[in-house]
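> Before we start, here is the structure in question, set down as structure tokens.
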Ligand SMILES: Nc1ncnc2c1ncn2[C@@H]1O[C@H](COP(=O)(O)OP(=O)(O)OP(=O)(O)O)[C@@H](O)[C@H]1O
């Protein structure tokens, strides 16, 4: 999501399901991967942890930079802020000579369905005051991100493609994938509103999510420490979102770039998975076929080793990245901590080794308190992470299973935390509607 992450490539429709010459240098692992052991018993969990601990890629992620937020956080925007979990109001129809792409989600929970609207370039100019730098909220591999308010008051994130990106990747096939993605709708996914082509401009409109990225929160950039209860809720939100993608009609969608900087948070700390820049429809699930791509895409530190080895993409690559995310949530560390001593540099490797040695507690984010609830939860979270990080994709659980396991972890956590856990009751008011309970 941020420019700090070393993302490899962008959507490349031309390489879909075919062996082509890569248009960018593929990511190549520097070490071999060992077999996953069974992770069902405690002792075999430890074996698997050791196995995984010895099998990680040496790679590097540069530090994150902060986006300009000065003007866009001003009262002008706050006054019209879109509700976090439902997008705006109004139903003004637009007409345009531009080629906007729309979807028509049948089951929309939005009062307004911006993806079914046609956006004009004039409207985008107006919303961003001609792409004024003061409206800029971020910069990524795709281009520059602006915050804007549409004429009906809807606040949106407006992603303006860099020319180098759209020259290569925004072809006809991209547009057909965009149409599919526009129909994807889930509380924990950043809603895609539309895509607009106008002369040299390629613009993507998505739901604006106001509270920054999970990574920024883990780095305490917002001042508050995310307690473990919040982290558990976030893990469950993300698991729900990915489960939804993987179970999407008869063509599952593989996200391909699950990472903490692609998780955006609402004001009440609900997580929304962003950035379908790499997403693609999975192969026909009936045939069991998988995509074979010529170019590995994803972010260093999150990449499935089996995908790196075979170039075969399945839903289990997202599961692997989710395992890395779980370790991030427990430790607060980035997947790659380049400044640490060698044995701690690859966070998953370090954490899994600690877990295997029966020392899971030492991996707990030092900003979190050690309590019975926390101690139990991190042990179980690392156990789940271990399963997700299995070198062989067959040994990894499905995302749906991950969500179920997380529900259990949260239930035990709540019971153990009992009355000490007052802060939870406030936050939980916002999270009861779509949960498993
Ligand atoms: N929907 C959104 N709501 C609010 N802020 C957003 C939104 N999308 C992006 N941002 C902000 O813009 C920054 C850059 O996002 P962007 O999606 O462009 O990155 P990216 O192109 O995916 O980067 P990369 O390719 O490196 O993953 C984010 O870190 C975030 O701060």
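Glycine too: its Cβ is placed from the backbone N, Cα and C atoms.
Copying in the features that TrEMBL gives for the protein in this structure:
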BINDING   163  ATP binding site
COMPBIAS  1-15  compositional bias 'Low complexity'
COMPBIAS  25-44  compositional bias 'Low complexity'
DOMAIN    131-408  domain 'Protein kinase'
REGION    1-44  region 'Disordered'
REGION    70-115  region 'Disordered'
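Are these features on the surface or tucked inside, and what touches them?
Mapped onto three states, the DSSP output places residue 163 (ATP binding site) in helix.
For the domain 'Protein kinase' (131-408), the model's average pLDDT works out to 89.
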> Using a Cβ cut-off under 8 Å and a sequence separation of 6 or more, which residues in the same chain sit near residue 163 (ATP binding site)?
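Counting only residues 6 or more apart in sequence, the Cβ neighbours of residue 163 (ATP binding site) under 8 Å are 200.
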